[in-house]
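Student: Okay, so TrEMBL annotates it like this:
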DOMAIN    58-94  domain 'Amino acid permease N-terminal'
DOMAIN    139-645  domain 'Amino acid permease/ SLC12A'
DOMAIN    654-756  domain 'SLC12A transporter C-terminal'
DOMAIN    758-829  domain 'SLC12A transporter C-terminal'
REGION    32-53  region 'Disordered'
REGION    90-127  region 'Disordered'
TRANSMEM  134-155  transmembrane segment
TRANSMEM  167-190  transmembrane segment
TRANSMEM  213-237  transmembrane segment
TRANSMEM  258-279  transmembrane segment
TRANSMEM  285-304  transmembrane segment
TRANSMEM  338-356  transmembrane segment
TRANSMEM  376-396  transmembrane segment
TRANSMEM  455-475  transmembrane segment
TRANSMEM  507-527  transmembrane segment
TRANSMEM  571-604  transmembrane segment
Amino acid sequence: IIRGGNGARLTSFMSSITQKCVSELATGSETAVSMETPTRRQSEVVNSRQDNRRPSIYSTMDAMPHLEFYANATATGRIRRSRPSLETLRKAVDVESGSNTGDSGRGSVSALQESGNESKENGAGGKTAQPVRFGWVTGVMVRCMLNIWGVILFLRLSWITSQAGILLTWLIILMSVLVTSITALSVSAISTNGRVSSGGAYFMISRTLGPELGGPIGVVFSFANALACALNTVGFSETVRDLLIEYDSQIVDSINDVRIIGSITVTVLLLISLAGMEWESKTQILFFLVLMVSFINYFVGTLIPATPQKQSIGVFGYRSEIFLENLFPDWRGPEGDFFRMFAIFFPSAIGILAGANISGDLKEPEIAIPRGTLMAIFWTTVSYLAISSTVGACVLRDASGNMNDSLPLNFTEACEGLSCGLGWNFTECQQSGACSFGLSNSFQVLIQVSGFGPLIYAGIFAATLSSALAFLVSAPKVFQCLCKDNIYPYIGFFAKGYGKNNEPLRAYLLCYIIAMCFILIAELNVIAPLISNFFLCSYALINFSCFHASITNSPGWRPSFRYFSPWTGLFGAVISVVLMFLLTWWAALIAFGLIIFLFGYVVYKKPEVNWGSSVQASTYNMALSYSVSLAGVEDHVKNYRPQCLVLTGPPTLRPALVDFVGSFTKNVSLMICGDILMSVSQRNSNEMIKWLNQRKVRSFYTSFKASDLREGARHLLQASGLGKMKPNILVMGFKMNWQESSSKDVDNRKNTVNDQIKTVFQSKQGKKTIDVYWISDDGGLTLLVPYLLTRRKRWRRSKVRVFIIGEQQTMENDRKERFEEMLAPFRLNEGQLDERTAQQQRTEFPWKVTDKEMDALRLKVSVCVFDLNVQLQYSSLPVPQADCPSSLYMSWLDTLSCGLHCPVLLIRGNQQNVMTFYCQ
């Protein structure tokens, strides 16, 4: 028994204690302590099946604790191991002592425990290819760093620094890092809440918030990753094009060259992806090493004294006056504003989910994702701040590149600006706007500052290609997981995987086509804002999912990651949405419009998935809170609602009764389908609920084991419901063959059918009539139910006619004869018996009707005359006296409704008001 402790560590505790129990108790010693050796580890792997089958110290039939027992079989795609049931454990003594067949008694338990091991055992004899698994460094940190160090770092960061200045550039960087860091904390919390499967951000959001929000974000996030692949490919193509222009080797023109180079590049990346994750990972390591060399090359270049050639293009090395000049913004052109710069920079920070997107390929995703992601954010942030400040301290905003613009020692010509004090006169190109070099005019500044320019080109190639490759891998992985869940139609084709790593080759081709379409735009500054909005939308939902899961206080939400707060998640979600509209409002509207459309589709279709989402936990919390609050509210006649317990038995056997009650209770009041079990031990309640949902009837289903119908109905009325949500009306169908049935005969043993039989209550009624015979004043229930029925769309055009009894009328002769013929088998016929025999008959057959009871009832039966040309008829249900025989009462009811072609409802209130005509 564990007292105290941190509930957030329950998952990791279960994992460690289970493995320890298996390794220690399996030795047969109560206090077994041993050093782990390679030999022992191998033996544990080989004998894992035997270890899992070992009994506990309580019972030879009981199973040891094992994580496999807590796995979701539907999530892993295989049959899971099962522990023996309580019924099996209770019968264990009989099984072990009553059989002399060796292990035959344990066979059933072993079969339960080993059901998930068959596939492993069958494949143990041959060599099976094991999937590649990565650690937190190569699988997450390096991958995230490569994704973050993308095209923006080398081709746009210096330009952003010239526009916004060093201070505002740092603010842009820190704002981006704030959003991504909060999102990383949320991702870390989700990834440590349990074992994370493949699917990355989509898997995390969908399993937390459910398919309604998980499905849309899976589509949007996959699309955003495909766009990011196009963005980095275009960045690489721009660099290659500039090199071709420098050497006067253009293919066609500046735009079409980007398209041609980009198309070839993304095709090569696709081939690398199709080769498998192992090759892709090796390629990423190579790119990482190249980037490290290029960074070293850049920082060394800032320390080397500038040559006159470098000074002519604005590079002077570290100068305090240059740093102070570039400290503040200098907005230029139509793109010169803060949020436009933020929109262009933000895609450089979106690579934080690169490791989470391949969560299915990680050794320990719950450890690798938090550690690797946060370390990647830290080091890339340091690099961005360092590069923006160093480049701002070394390079002027404007330079001509003309060696003749250098100033002699005693110059007399006009000169303006900071360059004059540095020995150069760039006034002419500044005033004419013809400067070709400097932070504001060239995207190749980092190349110009570095010690050896070609190494920066290699870094650009490595950064852009590694990011493009990572996004090209991430998008299909996420989309494959979405397709496997069958949330949306027509995309299951892309769910198929190939090879030992289950590679989504079909999804690769789809991502390739999408990326190719955006590569043809060939404009980096056009693609970047689109990506920013889609990724911000993803981050908003990731943060909101963590916030929502935390505030619902669900026992299933217990992340072991300690540095997370629900309020940071809420802040991250809000700031992400705000930034979406501040950056590009029309792109934000497109993103939200797409999500709302996809969300509406999932809500309408209601896919058959159950992931234990926080939405379900929130629904429970609200229902519980409202039920408790309602319990303290005093009843008032104006708020009366008919809450019905309907004795349907299996609802599938009485669809008309279900449809009728559902017609006036749906979205208005409580409906419970009661099933009293007398001949069967249990019934599948899930099938009953599924049938009701398919029929669009909002009702609960509850079953009750009882010896007879009366006892079961009595107990159900008392036990059903919660607080004020309890039945106040009992609804039963009229048993047409009551004359041939015994007093306790209810046959629910026949097979339940799941066919959706259409009834009269499912069709539109049109302009028809509902007749209400308000014979007895019961408090108004006889009038209230027809009124509620006419509020429904199907009955809205129906006319209600209310009849009350005026002068007394006699019943037609044929109805009177039918009533007497119906009662004939149940008459006691006292006139033909002596007094002693008549008394004995009354005692033995209390349901038989005496002459006195027959005479007393004749007057009551004769008051109802129904119209045969209506769609539905209501009538006040007569109240029998306590000593009224059941056969007499049934004959009475049968006579009231005989000969009518339409459904008849006999209804009776409890003499308390259920409606009022006064504002009181």
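Glycine too: its Cβ is placed from the backbone N, Cα and C atoms.
Since this is a predicted model, take the numbers as computed values, not measurements.
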Student: If we skip the immediate neighbours and take only residues 6+ beyond the ends of the transmembrane segment (213-237), which ones have a Cβ under 8 Å from one of its Cβ atoms?
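Tutor: 150-152, 155, 199-202, 205-207, 257-259, 261-262, 265-266, 269, 347, 350, 357, 460-461, 463-465, 467-468, 471-472, 474-476, 478-479, 481-482, 485, 487-488, 511, 514-519, 521-524, 527-528, 530-531, 534-535, 537-538, 541, 545, 591, 594-595, 598-599, 601-602, 607.
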Student: Is the transmembrane segment (376-396) in contact with the transmembrane segment (455-475), using three or more Cβ pairs under 8 angstroms as the rule and ignoring pairs under 6 apart in sequence?
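Tutor: Touching, no - the transmembrane segment (455-475) and the transmembrane segment (376-396) miss the threshold of 3 or more Cβ pairs under 8 Å.
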Student: So which of 167-190, 338-356, 507-527, 571-604 is most in touch with the transmembrane segment (376-396), counting Cβ pairs under 8 Å?
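Tutor: That would be 167-190.
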Student: Can you find at least 3 Cβ pairs under 8 Å between the transmembrane segment (167-190) and the transmembrane segment (285-304), where each pair is 6 or more residues apart in sequence?
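Tutor: Judged by the Cβ rule, the two regions do not touch, with the required three close pairs absent.
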Student: Please give the sequence-distant neighbours of the transmembrane segment (507-527): residues at least 6 beyond its ends with Cβ less than 8 Å from one of its Cβ atoms.
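Tutor: Contacts with the transmembrane segment (507-527): 151, 155-156, 222-223, 225-227, 229-231, 233-235, 237-238, 255-256, 258-259, 262-263, 266-267, 270, 273-274, 335, 344, 472, 475-477, 479-480, 483, 494.
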Student: Is the transmembrane segment (338-356) packed against any residues at least 6 beyond its ends, judged by a Cβ distance under 8 Å, and which are they?
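Tutor: Residues packing against the transmembrane segment (338-356) from afar: 136, 139-141, 143-153, 156-157, 160, 163-164, 168-169, 172-173, 175-177, 179-180, 183-184, 187, 191, 196, 200-201, 204, 228, 231, 329, 362, 365, 368-369, 372-373, 376-377, 380, 384, 467, 470-471, 474, 525, 528-529, 531-532, 535-536, 538, 579, 582-584.
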Student: List, by number or range, the same-chain residues at least 6 past the transmembrane segment (258-279) whose CB is under 8 A from its CB atoms?
Tutor: 132, 229-230, 233-234, 236-238, 240-241, 251-252, 358, 361, 465, 468-469, 472-473, 476, 499, 501, 503, 505, 508-509, 512, 515-516, 519-520, 522
Student: Summarise the model's confidence over the domain 'Amino acid permease/ SLC12A' (139-645) as a mean pLDDT value.
Tutor: 85
Student: When the domain 'SLC12A transporter C-terminal' (758-829) is classified with DSSP, how many of its residues are helical, how many are strand and how many are coil?
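Tutor: Across the domain 'SLC12A transporter C-terminal' (758-829), the residues distribute as 30 helix, 11 strand, 31 coil.
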Student: Using a Cβ-Cβ cut-off of under 8 Å, list the residues of the same chain that are 6+ residues beyond the ends of the transmembrane segment (285-304) and lie near it.
Tutor: 138, 142, 145-146, 149, 317-318, 383, 386-387, 390-391, 394, 446, 449-452, 455-456, 458-463, 465-466, 469
Student: Provide the three-state DSSP residue tally for the domain 'SLC12A transporter C-terminal' (654-756): helix first, then strand, then coil.
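Tutor: When I sort the residues of the domain 'SLC12A transporter C-terminal' (654-756) into the three classes, I find 35 helix, 19 strand, 49 coil.
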